[in-house]
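Below you'll find the structure, written out as structure tokens, and then a few comments.
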């Protein structure tokens, strides 16, 4: 199922000058879940305000038998600014110069709102043992999946941009410099989120989690396609030319670790980055509250999922907006990608604790 409004928005994008045209749903102006190629120009509006948003998967040393309640108890109250270290030193350690610091650096290490999350997961089943092992994954250990971006920095960069930027102009070069900075900042943000969470769960956070993959799904990159130099915009679309990808559902459904197969040309070297919304945030909020006998009772019910997972979220409205019912069926999304012959499933993960 793809909403008519999303199709309309995609058609509008296809009519933009220079544009040569899975999980698709509408946003304010441009569709989410799209990969768009353009020649000799880029469109910052197609990337959106959360430049560099993406997902990172970490293999932890935590046993898969660890009880969800124990994890929840240890993770309570970590929302807010990181106070246990130096943000500038963390950025510098990750190759981001302290001289380029911004007013937004204080939010480094925070997840943010919307559909962003950090989730502890356990293996439900392994479908491709060889690929699973090659990625350094272990069936008896938990993984941590972090979905976050560049926070206020990306919004600041996007705010003053024109719709179109032409190659070989000062404005183009200035935007790409900011874009690349935000992408690196967002990746570093995911690393710090993982560090903060593992610091709550282990006495040696850096040794207890190793990164398996980290991809951006909101960015633009130059790529040679069919002997042409194109700018590939991804807005809520995972790259399929960089190895394994995680396609999560909602907090109440499984996540899929997949490997791209085939030449990937037909799908512009991109995959769905998640299940995609079936209800807007406003509709989900209204519908969930109207169904509830009391708001508090409904919020409490949403802190446990049908798969036995726990949810930590201090924002009641966000609990409703991000309810599993607000999302499409990730099993169907992944099934379509498998049916198209562009991915194979490596493993399926069950949510244990979701932090929002």
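Start at 1 and count along the chain as shown; that gives each residue its number.
Even glycines carry a Cβ here, placed using N, Cα and C.
It should be emphasised that the depicted structure is a prediction, and the values quoted were computed from it without experimental measurement.
Feature annotations, reproduced from TrEMBL:
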type	residues	note
ACT_SITE	273	active site, GMP-histidine intermediate
BINDING	115, 116, 117, 118, 119, 217, 218, 255, 273, 274, 275, 276	GMP binding site
BINDING	116	Mn(2+) 1 binding site
BINDING	147, 217	Mn(2+) 2 binding site
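Once Cβ contacts within 10 Å are tallied over all protein chains shown, the recorded positions 116, 147, 217, 273 are led by 273. Counting in whole angstrom, residue 147 (Mn(2+) 2 binding site) lies 5 from residue 117 (GMP binding site) by their C-alpha atoms. For the residue listed as 'Mn(2+) 1 binding site' paired with residue 273 (active site, GMP-histidine intermediate), the C-alpha to C-alpha distance reads 12 Å. Cβ neighbours within 10 Å of residue 275 (GMP binding site), excluding its own Cβ and spanning all shown chains: 27.
When other Cβ atoms within 10 Å of the Cβ of residue 115 (GMP binding site) are tallied across all protein chains shown, the result is 24. Between the CA atoms of residue 273 (active site, GMP-histidine intermediate) and residue 217 (Mn(2+) 2 binding site) there is a gap of 7 Å, rounded to the nearest whole number. Overall, the recorded GMP-binding residues 115, 116, 117, 118, 119, 217, 218, 255, 273, 274, 275, 276 cover a maximum inter-Cα distance of 20 Å.
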